[in-house]
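**Q** Let me begin by handing over the structure; questions about it come next.
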Protein chains: 2
Amino acid sequence: MSTLSIFSLGGVYEIGKNMYGVQYGDDIVLIDCGSKFPDESLLGIDLIIPDITYLLENPEKVRGLIVTHGHEDHIGGIPYVLRQFNMPIYGTRLTLGLIEEKLKEHGLLQNTKRIPIDSKSVVNLGAFTISFFQTNHSIPDCLGVVFDTPMGTVVHTGDFKFDLTPVHKQSPDLHRMAEIGKKGVLVLLSESTNAERPGFTPSEKHVGDHLREAFAKAKHKVFVSTFASNLYRLQQVIDAAILTNRKLMLLGRSMVNVVRIASEQGYLHVPEGMLVEPEEANQLDRHRLAILCTGSQGEPNAALSRLSTSNYRHVKVEAGDTVILSASPIPGNEKNVSRIVDNLFILGAHVIYGSGSATGMHVSGHGSQEELKLMLTLMKPAYFIPIHGEYRMLHQHRLLAESVGMERDDVFIVNIGDVVDFTDGVPKQERKIPAGSTLVDGFGIGDVGTVILRDRKHLSQDGILVVVVTRSKADGKILLGPELISRGFVFAPEAEGLMEEASRVGLEALLKLQGEGVNQWGRVKQGLKESIGQFLYAKTKRRPMILPIIMDV
Amino acid sequence: MSTLSIFSLGGVYEIGKNMYGVQYGDDIVLIDCGSKFPDESLLGIDLIIPDITYLLENPEKVRGLIVTHGHEDHIGGIPYVLRQFNMPIYGTRLTLGLIEEKLKEHGLLQNTKRIPIDSKSVVNLGAFTISFFQTNHSIPDCLGVVFDTPMGTVVHTGDFKFDLTPVHKQSPDLHRMAEIGKKGVLVLLSESTNAERPGFTPSEKHVGDHLREAFAKAKHKVFVSTFASNLYRLQQVIDAAILTNRKLMLLGRSMVNVVRIASEQGYLHVPEGMLVEPEEANQLDRHRLAILCTGSQGEPNAALSRLSTSNYRHVKVEAGDTVILSASPIPGNEKNVSRIVDNLFILGAHVIYGSGSATGMHVSGHGSQEELKLMLTLMKPAYFIPIHGEYRMLHQHRLLAESVGMERDDVFIVNIGDVVDFTDGVPKQERKIPAGSTLVDGFGIGDVGTVILRDRKHLSQDGILVVVVTRSKADGKILLGPELISRGFVFAPEAEGLMEEASRVGLEALLKLQGEGVNQWGRVKQGLKESIGQFLYAKTKRRPMILPIIMDV
């Protein structure tokens, strides 16, 4: 019997870029391929995707990619990974619809095999018979994945909550989960996003109540900002607008796109004639209009931010309007969100902001501790791998597993690249495969590494000083310079004296080296760097990057 | 009668760098002079302080600076401002002690007049008779300030909460406040930090209960990280350590400094022999040691961060140790704090983290809505200026004032530089004085402006490409180059081909211009910039800063 191996290429010890793999012998099936946004330390980087070295080393073994749902942290890496390595993609109708938008942008649609599935599908890939179960999250058509393998059953939950009063009909399929658990699960991979949060996450319906109330109270326009992908939320905003006899305007590219795709596919119900364009909206009474917009996380170029600085021609936030932030700020975004809230208040709007639990205007799409325990109890796996979360979340999820009766030794906390190998049904966490973060910058995938980032960091702090010296090729005599050009260091018109002094210091260092008979480029450059660098630090307490250039003519 | 004017040079529409002014005729008295930390957009900037142009324009009118308490957002700007403009400083013993540490560092101690005051002092400065009242905050010796002016009474609260069971004896002086209010207050300036928070802020004593419980439970070492300046918190940690028979080690420069100053001055009571150095701590049983350390906000170089990566020789966080984060993460710091918590969990510690209201390990030093209403009710001012907060907080504070019976027209929300002028007791908000943010970078105060910051931003995103061309002075012939040197753009060894192509593109552009008879530096440089820039963007979708350098020899 072969070894059954489970690994993560992204999504553990981090939030985002989820990618997991199940391998049996020569068959690898992947689950999800997400992206995440860089933090401020990764200067100039656009996106982070999983490092797929392991797949590039084993291309003949990869049978396909199963996508659990259409969120960026599960699909955002797909076009970049496909540019390195093509494979068939399995997903539900909505999920594939969202992926296809990306493939089109990257010119990959023609060459990528896409296989629609639903919660009733059964897919045979190599040694695996793969089936699914319906879960409930903040986007429709979410799947959990069940791998029947020769060694036993592997379950991957995808993202989930147990919303028992869902807005659409997509209830979590408790009966199917119970059935899977009853038949026996060798290992469960379950998401840990809210493992730190006690209790049970409130139902999405809860938000609908508050939205309707706010719409009913509002005397003028109502703006609602939320994640475009949260179709349940969008539907509830649409319903509140209908109820209060308002037309609806959409602001923000992703909002317009998602509403189009989801309406076409039947996931969203917008009455004929309800949507208005800005020109038409302008003609309406203020209390006859609602606006759905992007930017709830404070993204500087998104609609809400532009509204807060009155940066749209056809629609303005005016005194007396209501603005609802139907989202909780994700850690790291608080400042940007607060700045927008400040500006909206300055415009005289009534702003409903803050955490969803305080305002009732947002609920999480992820299950809290009681729901994670419910999943563990339904699946009663022999072994458990908490996924989808930073270390403390995985750790808390392990404690939850222990609280429902699992042994600590049967829970495996893995980092990306760690492999859990099952031989004769017995797990062992010893082996590693290549894994990491691949940085996307412009067209470059993975070409920006530590050297470039270190240089960007240095440049960002104190700027650069280019030092150009022209020497005679014949006798090494200094013909011109040192000429100093700076950017991001000091403001040249104000620092002329400083620059002249620094040039003199450089020249002295050059002449001294010449006097000592030193004229190799390396040594001369080092001499310029050190002398000018020390001089400037003593004068300014700043350390610009110093880039000496020596031209021998 | 002259005009009574009130203005802010910092602290409104923002958090930090508090500085307020009260002027009557030719007498200006200032209140506080804080600093704040730059956000990520201000690359390379160390600190932000108030722009004091108005004071530099009116040096003969400034009578002095009154400091309400010793927090950085109230004292951090002092040495930088004093380097531009000297004036006498009034503060309580502890406040002056903390300021003097700064003055020493900046070599300003000798030349700065420092006048110790307490809550009973009366100071006459120009037209003002200034008295004080004791408040309660997260550092001892906090004052509210009362200006008796020919036009009426101006009250500035400083930072405050109403902790009725304070850890030391410094209760808020309700009787004095009542007396001031009863005599009549023309205008109140009251802080707005927690104006968004309902209820009453819990007492500092509440934290003591939780600390003692955690110390009693802990089987091994206990680490507590908190703000060094929160002496009440430090005392409670010390008391919990005494109670559980532990010695105490201090980690972090500011922790060591503050404990020294505060012990000397009698604000902190550390039993003889309780403090241990790392070498001695190493000899103790693990359950006989507590560690007080800096870094509760996730500061990358502070003690807690270094502990989380096992970066101290003499003391390590080991499995079974308890680590208490006795502070709530300030917005913007969540990610850094979370990373540390993750690492501490990986080391096997029991970590108590999260918001103070959930863990009981932190309470705010600022009064919540009920306390702000209490202050408004005690002072019952004719006019009100909410201070110390971003716009939404000032706005919420205005709503609170309205809720206790004030008219909206009697509340003035001011931005920095806005002046509220009282003529014959009637206020008018029309005039502006210069105000803004002065950026400190190294030794430079205010020399880094938008050009440098824009360049740093550009450099940080895509790096720089220096393009050097050497021409013959005689006939303009190109002798050398274009030679390309990049930093932070592409990794040179991997991008040789790209660089060669770009150099060719540059050369073609040069030759074309020469063919057209163009050889002014400006035009030639522009030609190089555009041709190479466009070429590289098409190839990489990145826009490095392009810096052409032409050497004519």
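Glycine is treated like the rest: Cβ placed from N, Cα and C.
Just lifted these from TrEMBL, have a look:
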type	residues	note
BINDING	B:H362, B:V363, B:S364, B:G365, B:H366	substrate binding site
DOMAIN	B:16-210	domain 'Metallo-beta-lactamase'
**Q** When the number of other CB atoms within 10 A of each residue's CB is tallied over all shown chains, which of the binding-site residues B:H362, B:H366 has the maximum?
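**A** When each Cβ's neighbours within 10 Å are tallied, B:H362 tops the list.
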**Q** An 8 Å radius from the center of the B:H362, B:V363, B:S364, B:G365, B:H366 Cβ atoms defines the neighbourhood of the substrate site; name the other residues of that chain inside it, in order.
**A** B:S138, B:K161, B:N194, B:T201, B:S328, B:G356
**Q** Between 0 and 100, where does the mean pLDDT of the domain 'Metallo-beta-lactamase' (B:16-210) sit?
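**A** Averaged over the domain 'Metallo-beta-lactamase' (B:16-210), the predicted model reaches a pLDDT of 96.
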**Q** Using DSSP reduced to three states, classify B:H366 (substrate binding site) as helix, strand or coil.
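**A** It is coil.
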**Q** Once the chains shown are all counted, how many other Cβ atoms turn up within 10 Å of the Cβ of B:S364 (substrate binding site)?
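**A** Step by step: centre on the Cβ of B:S364 (substrate binding site), count other Cβ atoms within 10 Å, giving 18.
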**Q** I'd like the number of other C-beta atoms within 10 A of the C-beta of B:G365 (substrate binding site), please.
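**A** Its Cβ shell of radius 10 Å holds 25 other Cβ atoms.
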**Q** Restricting to the chain of B:V363 (substrate binding site) and a gap of 6 or more, list residues whose Cβ falls under 8 Å of its Cβ, or answer none.
**A** B:T201, B:P202, B:S203, B:E204, B:H206, B:V207, B:G356
